[in-house]
Amino acid sequence: MSRVTLSRYLIEQTRSHNTPADLRFLIEVVARACKEISHAVSKGALGGVLGSMGTENVQGEVQKKLDVMSNEILLEANEWAGNLAGMASEEMDHPYQIPGRYPKGAYLLVFDPLDGSSNIDVNVSVGTIFSVLRCPNEYLNQNDTLREEAFLQPGTTQVAAGYAIYGPQTMLMLTLGNGVKGFTLDRELGSFVLTHDNISVPESTAEFAINMSNQRHWEAPVKRYVEELLAGKEGPLGKNYNMRWIASMVADVHRILTRGGVFMYPRDAREPEKPGKLRLMYEANPMSFIIEQAGGAATNGTQRILDIKPENLHQRVAVFLGSKQEVERITGYHAE
């Protein structure tokens, strides 16, 4: 039986679910860029890509060399293809304008080029997160500068989302709004091959992911929930839980997507003016779309993440996502 490559899968989606051809091509271009990033990540010190650039991004975070390289790879791969009206990156202050020498398309691409890049130098799994939106008609004029407002759509409007994880294997997890598929990069073939079909997050779990060192800064509902988890079989939840924390959202969410669990990155008292740490557009929305399509849930503690209307490109948000039963429990604690 022949293996199903990403290209074949996307063609079959065009036939069975009327996936537009330009969206199919866009996903393939993003996947090719992810293969190039994977190659750069795997070379590590041999490629001279480790270490800091000595600059900061719009988030005030120190940029790693691979942050900048990954960002450039995604921009250069996608700017010429004619599928996009514009792009937005976690590493850039403003939307990226498609150069006038290239045709424009009907979609917007939003991405975190290298999530978890602080782990690069210690050889921990990192990844690329991306989200695809339709560009509103009023912003499609070929001659106008694309404004930030075109991107400020709730997560429910996403037409596709995915992430690539660069670990022992390079994998691409993808949703087009009809479930989640997992593809593994076959380096001999040079293609992503379907290896995980119809991924489903278990409703309940015995694992959780959170940075426990921040416990003293959490809000009361989060403290209560985690204390109940730690109480184990003798506590109110009646079972023992294991904690896992990699400090790379892609790696933590990938584990939860494949074997269940709950990922938590709550707001805390150190920066009370900020509603959270993670970026809504670049991280929370695409990951929430993927998790929901796999049968899980995602909230900011009080509201479904995909229902949040962004106010700016770099808006932050608290995140609780994963197994539905656990996410509903902690969301309920916030409501009390």
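Just so it is clear, glycine is given a Cβ too, placed from its N, Cα and C backbone atoms.
Going by Swiss-Prot, these are the annotated features:
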BINDING   Glu90, Asp112, Leu114  Mg(2+) 1 binding site
BINDING   Asp112, Asp115, Glu283  Mg(2+) 2 binding site
BINDING   Asp115, Gly116, Ser117, Ser118, Asn211, Lys277  substrate binding site
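When the binding-site residues Glu90, Asp112, Asp115, Glu283 are compared by the number of other C-beta atoms lying within 10 angstroms of their own C-beta, Glu90 comes out lowest. Residues Glu90, Asp112, Leu114 make up the record's Mg(2+) 1 site, and a Cβ search at 8 Å around their centroid adds Asp67, Ser70, Asn71, Ser89, Glu91, Phe111, Pro113, Asp115, Ser117, Thr128, Ile129, Tyr282, Glu283 from the same chain. For Glu283 (Mg(2+) 2 binding site), the nearest of the binding-site residues by C-alpha distance turns out to be Gly116; the candidates were Gly116, Ser117, Ser118. For Lys277 (substrate binding site) paired with Glu90 (Mg(2+) 1 binding site), the C-alpha to C-alpha distance reads 13 Å. Note on proximity: among Asp115, Gly116, Ser117, Asn211, the binding-site residues of the record, the Cα nearest Glu90 (Mg(2+) 1 binding site) is that of Asp115. Within the set of binding-site residues Asp112, Leu114, Asp115, the entry lying nearest in space to Asn211 (substrate binding site) is Asp115 (CA atoms). Annotation note: Lys277 (substrate binding site) sits in a coil segment as assigned by DSSP. Between the binding-site residues Ser117, Ser118, Asn211, Ser117 has the most other Cβ atoms inside 10 Å of its own Cβ, all protein chains included. Just so you know, the Cβ of Lys277 (substrate binding site) picks up 20 other Cβ atoms within 10 Å once every protein chain is counted. In the shown protein chains, 21 other C-beta atoms lie within 10 A of the C-beta of Gly116 (substrate binding site). According to DSSP, Ser118 (substrate binding site) is assigned to a helical segment.
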